[in-house]
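S.K.: What Swiss-Prot records for this protein is below:
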type	residues	note
BINDING	Gly10, Ala11, Gly12, Leu13, Ala14, Gly15	FAD binding site
Amino acid sequence: MSQSYINVIGAGLAGSEAAYQIAERGIPVKLYEMRGVKSTPQHKTDNFAELVCSNSLRGDALTNAVGLLKEEMRRLGSVILESAEATRVPAGGALAVDRDGFSQMVTEKVANHPLIEVVRDEITELPTDVITVIATGPLTSDALAEKIHALNDGDGFYFYDAAAPIIDVNTIDMSKVYLKSRYDKGEAAYLNAPMTKQEFMDFHEALVNAEEAPLNSFEKEKYFEGCMPIEVMAKRGIKTMLYGPMKPVGLEYPDDYTGPRDGEFKTPYAVVQLRQDNAAGSLYNIVGFQTHLKWGEQKRVFQMIPGLENAEFVRYGVMHRNSYMDSPNLLEQTYRSKKQPNLFFAGQMTGVEGYVESAASGLVAGINAARLFKEESEVIFPETTAIGSLAHYITHADSKHFQPMNVNFGIIKELEGERIRDKKARYEKIAERALADLEEFLTV
């Protein structure tokens, strides 16, 4: 592929990081950003890497998975992290930034780089003859979204309005749940949390009275599109959930079940199912429980489910308008397209969730786009690192049930040997191993 530059489309967190990484490797970049020509409902300025919702890049401690990811990115020369550190504001253990100062600094560092040419224009076609990183965000313009949709054979680039909570399997009380698939079809693939009639009535009462998170103004018209939040379903009638995600039919108690039940009934009054969410089996999601409750309310209400009294939520349910790819089928672990090899994708459209995760994906995509340009082999970061585990998760998850994911210790490769029971000590050990493995990886 003969060319003299690399395209980057989109100057959000992922695109800005990708462009900077490419330019730092001595390769000219054409960075396309449509803001300035065409606005979006969310953005207030034309600056790069504008933080639309929150000014927080979340926890900074290494015992927090996103803190580990940020430390890895610092060591990889992230322009996003450099700008965040320079514009940080007091926020306890979190890294929060002056919103305007942060985006202005990213804009200056990227736009003033001698090898980056900024082009204020909307791209409506996918380049076929130039290495290109596409990082156009969750609200990709309709024209370009249509081209990506076609590239994916009409599949895998679709709106996402809801996600169910995901739980650390080690925090589920296994004495209160049982393994079974409905009607015993196939393998016993679900953990089932049975409820008596009274438990269900109490749960329903708590759910319909729980406080929902407010929607951003630009999301309101999309609220009910393509999904049914569990709390909305519950408000339609006391038995509505019993014909939906809490349907007990075909999920009889096992013979050795000793927990509470209504009389001699062989089938629970209601059942909440949990499905394995990652290949390692360390994460489970609550099936059909997409929600827009406030996070504190999710914890309060969903911990009423038998077996989840002490559950740790690695991701709470969320609802907002988004578009993302079927990355397990469409992307390599390097963020390179399987269908059109000159293309890389980065940011929320790949199925990573969160500011830091978006920037991290742009960092990896930028590094690999530069390596392809130089005819060098692409790199896959170790699965023991946060940045590597995120790339692995979105490209190896079950495609049929794939949903956006933020970084968490549940997706990072387990430590070898006996499990460390103290959570803080375990996370410290995972972080220590991650940074050691990253250093070794960078010296090879």
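Note that Cβ sites are derived from N, Cα and C of the backbone, with glycine treated the same way.
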S.K.: Under a three-state reading of DSSP, tell me whether Gly12 (FAD binding site) is helix, strand or coil.
M.R.: coil
S.K.: Sorted by position, what residues of the same chain at least six away from Gly12 (FAD binding site) have a C-beta under 8 A from it?
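M.R.: Once residues fewer than 6 apart are set aside, Gly12 (FAD binding site) is near Phe48, Ala49, Glu50, Ala135, Thr136, Gly137, Gly347, Ser358.
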S.K.: Around the FAD site (Gly10, Ala11, Gly12, Leu13, Ala14, Gly15), what further same-chain residues have their C-beta within 8 angstroms of the site's C-beta centre?
M.R.: Val8, Ser16, Glu17, Ala18, Phe48, Ala49, Ala135, Thr136, Gly137, Ala346, Gly347, Ser358, Gly362
S.K.: Sequence gap of 6 or more, Cβ distance under 8 Å: name the residues on the same chain that satisfy this around Gly10 (FAD binding site), in order along the sequence.
M.R.: Tyr32, Glu33, Ile134, Ala135, Thr136, Gly137, Gly347
S.K.: Identify, in sequence order, the residues in the chain of Gly15 (FAD binding site) that are 6 or more apart from it along the sequence and have a CB within less than 8 Å of its CB; answer 'none' if there are none.
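M.R.: Listed in sequence order, they are Val8, Ile9, Leu31, Glu33, Phe48, Val133, Ala135, Thr136, Ala346, Gly347, Gly362.
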